[in-house]
Amino acid sequence: MAHNAQHLSKLLASSFKQAPPNTLPEVVISKIDGLVNWARTGSLWPMTFGLACCAVEMMQGYAARYDMDRFGVIPRASPRQSDCIIVAGTLTNKMAPALRKVYDQMPNPRYVVSMGSCANGGGYYHYSYSVVRGCDRIIPVDVYIPGCPPTAEAFVYGILQLQKKIGREQNLLTWWRK
């Protein structure tokens with residue numbers, strides 16, 4: 001832990017020495033932005049929205065062999081406590097308003113993971129009259145995990161890709177430049 005603190009202090013010191021005086025606020029804000037994103041990637045609290053067999057693979061990802069807790073991913077039961085929702089399985093027309101309601105109850109910033117071919121595009125039931133052809137028609141999706149059902153390794157990889165995406169965001173810097 002001390003090594004990480006020393007590395008961070010050296011990185012900050014080198015950034016301040018290289019920055020021209022008029023860009024110093026942008027350097028400070030971008031470093032704060034990076035620190036906030038680092039904290040968000042290390043404490044991702046998803047809400048599981050398991051609708052079919054993909055939810056079983058999602059549960060396996062939280063079990064002892066893959067242990068998503070070591071990545072800081074701890075599932076929550078309430079949408080008000082979570083910052084990510086994992087849609088796993090076949091989304092029907094009757095379930096779509098419930099998904100939208102749960103998504104709207106989540107605080108910002110919020111992220112969506114679509115897990116399995118049924119959640120991605122309807123899957124095996126694509127031509128059924130009662131199936132939504134992809135949950136991205138209801139809510140915006142950040143990461144798609146393919147497969148029928150996707151393996152637990154694919155689930156872990158999808159969560160790691162979401163963490164990379166969160167680490168690249170520049171929310172404060174975009175706000176500052178407005």
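Every residue gets a Cβ built from N, Cα and C, even glycine.
So that you can see what the record holds, here are the features copied from Swiss-Prot:
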type	residues	note
BINDING	CYS53, CYS54, CYS118, CYS148	[4Fe-4S] cluster binding site
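Highest local Cβ density among the binding-site residues CYS53, CYS54 belongs to CYS54, counted as other Cβ atoms within 10 Å over all protein chains shown. In sequence order, ALA52, GLU57, ALA88, GLY89, THR90, MET115, GLY116, SER117, ALA119, GLY123, TYR124, GLY147, PRO149, PRO150 are the same-chain residues whose CB sits within 8 A of the CB centroid of CYS53, CYS54, CYS118, CYS148, the residues recorded for [4Fe-4S] cluster being left out. A sphere of 10 angstroms centred on the C-beta of CYS118 ([4Fe-4S] cluster binding site) encloses 29 other C-beta atoms.
If you take the C-beta of CYS148 ([4Fe-4S] cluster binding site) and look for same-chain residues 6 or more apart in sequence within under 8 angstroms, you find GLY116, SER117, CYS118, GLY123, TYR124.
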